[in-house]
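Below is one structure. I have some questions about it.
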Amino acid sequence: MENSEGVKIESTVVTEEPLISALDIALFVVIITVAYFWYFERDKQSSSSEKKPYTIQPSSLSSIEQTSNSSFIKKLKSTGRSLVVFYGSQTGTAEEFAGRIAKEGARYKMKGMVADPEECDMADLVEMKEIQKSLAIFCIATYGEGDPTDNAMDFYEWLQNGDADLEGLNYAVFGLGNKTYEHYNEIAIYIDQRLEELGATRVHEIGLGDDDANIEDDFVSWKEKLWESVCSHYGIEETGEESNIRQYKLVDCSEVLPERIFSGEISRLKSYENQRFPFDVKNPYLSKIAVNRELHKSGDRSCMHIEFDIDGSKMRYDTGDHVAVYPKNSSELVDKIGELLNADLDAVFSLLNTDEESSKKHPFPCPCTYRTALTYYLDITSNPRTHIMKELIEYASDPKDQEKLKLMASSTPEGRKEFHEWILRDNRNIVHILEDLPSVKPDLDHLCELLPRLQCRYYSISSSPKVYPKSIHITAVLVNYTTPTNRVNKGVATNLLAQLIPTNDELPQPTIPIYIRRSQFRLPPKSQTPIIMIGPGTGLAPFRGFIQERDYARKEGREIGEMVLYFGCRKKDEDFIYENELQEYVANGTLTKLHLAFSRDQPEKKYVTHLLEQNAVELWNIIGEKSGHLYVCGDARSMAKDVHSIIVKVVMEKGQMTNSQALNYVKKMEQQKRYSADVWS
């Protein structure tokens, strides 16, 4: 009966229930909420990942697997190694140095491995003491305005925020920096000091490499003394001469299907055919060149205004950001290497790491043809380092060529002098070396292993996304110069860009891979804040974006602060770039003052620094009395340093301060982001 009554009651309830029950409504609300969250929050995450400045996508499945299995301690123990060399690298030099140190460890009975801190759980450093006679070496570059490299960011933050007990960890640090920048080797110095604070033992004093001078000399000198300290610390002796052991082995890939062969992609196979957002250093966007026009009015130099089309890419940039351009080497140089080495450039090959535990299986995307490797992946135009000279010795059949290479590979004063004069001063690249030492015929696969990776080139974006949301503008000077050996060297990226001229017909428009690199070079949050911009030559680029953004705000009816621009070039009628635009901004009131210096339009040279000295009252009025912002863009070696000295002098005189007080004032401006520099050497 109860069962029957239950059925009856249930039936009665069903017949009396409304068409849509409360439960149905609740379920509907839940479904809508989930759908909303999935759609909109996912979009937000895509957006935020796009804006995150330090994101590097895994280059392959093997990288993902290595990241999930990130214990370098386990790898050291399982393979009987005691030396690990970490690198923080933005351009590849620190990674190259790390590889050379790890390789040399064998001479001192220390089997080594190279490790990317981004792929490791750096908290495992506390366990290094469990490995007998262990040593951790850090090759760390400082990048930007005293920033860690992308792949060292997490490690840097871990050191800053953590308090791990690193007693028992033996370490040494080599820094890579540039003295023309204010924050010279700041990250390496911090890591060296912080490791000691956490209880680690410094085996050898920090090395500071200066890329503005000869960083190779700095590294080699430090490395030699490092091994002396290592031998003393551990009571070991060098085992003998280092042999040229290959890090990668050649794999014949002639039978690989064409669709499995890389043809210039940075990471993912066929990534240029099947573009996927988000776009970054490992996954650049193949952008069409929308505009490519000459900015110089006359003369024998060229400055290009180029616009990259990003419509539909979901890429977003902020005023002051940089755009990275992936170049390729000229076919003329690539063909020359093939001729000099009598090699089949269209043969398909792969280089496979002989260290099975390494997360880096290949030095560049493999398999590919030699032509692809030399065109897209390898740097064949820069000056080779001394370790390449050493590796080339065995391929020289002429005793004179052998002796020359041996001398340049040595660390003697005579060897360093010869390397500096013959390679650096005469500006020889690998093609020139093979031409001038005709008996040197290295195996092409070995040469591909030795040469560094071709790096992307960064340009300050010269547009505002408020005005140009679907395009990115750059301002680039074409680089061509004659070397002391009467060879013409050409800038890899600018000479490629000069050839990419869009057409008005139906033909496919020229394209080039790009991605956006975030910058700290930003306008003040409030549009009313007055600013001073100092940008001679192409240093004007980011300020063109700044002015566009303020002009946009003014047209919207918002109040904008004073904008003062200092611009300089050689001759008004020759290289005054964007002249009409700037004059228009002055006329409509967006640009308050335009100070111009044409260095060669009068007998005595006149630069923006001369104008700054003449306008001390105006400078102090904006940066002192009105708490305005000051920006510098351009040459770091001389212009930016001179500007800094002038600003300190102005603060002293007009702010009535002592030299130390003025220096502290300017330092505080930098800390508050009121004094920003976007400079290059």
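Glycine is no exception: its Cβ is also placed from the backbone N, Cα and C atoms.
Heads up, TrEMBL stuff is auto-annotated, nobody curated it.
So TrEMBL lists the following for this protein:
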BINDING   89-94, 141-144, 176-185, D211  FMN binding site
BINDING   R457, Y458, Y459, S460, T475, A476, V477, Y481, G491, V492, A493, T494, W680  FAD binding site
DOMAIN    83-227  domain 'Flavodoxin-like'
TRANSMEM  20-39  transmembrane segment
I need the CA-to-CA distance for G92 (FMN binding site) versus R457 (FAD binding site), whole Å please.
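So the Cα of R457 (FAD binding site) lies 13 Å away from that of G92 (FMN binding site).
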Per the record, FAD is bound by R457, Y458, Y459, S460, T475, A476, V477, Y481, G491, V492, A493, T494, W680: how many Å separate the farthest pair of Cα atoms?
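Max span of the FAD binding residues, Cα based, is 23 Å.
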Near G491 (FAD binding site) in space, meaning Cα within 10 angstroms, which of the binding-site residues do we find among S89, A141, G144, N178, Y181?
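Checking Cα-Cα distances against G491 (FAD binding site), none of the binding-site residues falls within 10 Å.
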Identify, in sequence order, the residues in the chain of Y184 (FMN binding site) that are 6 or more apart from it along the sequence and have a CB within less than 8 Å of its CB; answer 'none' if there are none.
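For Y184 (FMN binding site), the qualifying residues are T142, G177, N178, L208, D210.
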Using Cβ-Cβ distances, find the residues under 8 Å from T475 (FAD binding site) that belong to the same chain and are at least 6 apart in sequence, listing them in sequence order.
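Listed in sequence order: L295, C303, M304, H305, I306, Y459, S460, S462, T538, L540, A541, R544, I577.
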Using all protein chains in view, find how many other C-beta atoms are within 10 Å of the C-beta of R457 (FAD binding site).
19
Measuring Cα to Cα, tell me the gap between V477 (FAD binding site) and G144 (FMN binding site) in whole angstrom.
21
Could you tell me which of these binding-site residues, A141, V477, A493, has the greatest number of Cβ atoms within 10 Å of its own Cβ?
A141
I'd like the number of other C-beta atoms within 10 A of the C-beta of Y459 (FAD binding site), please.
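Cβ-Cβ neighbours of Y459 (FAD binding site) within 10 Å number 24.
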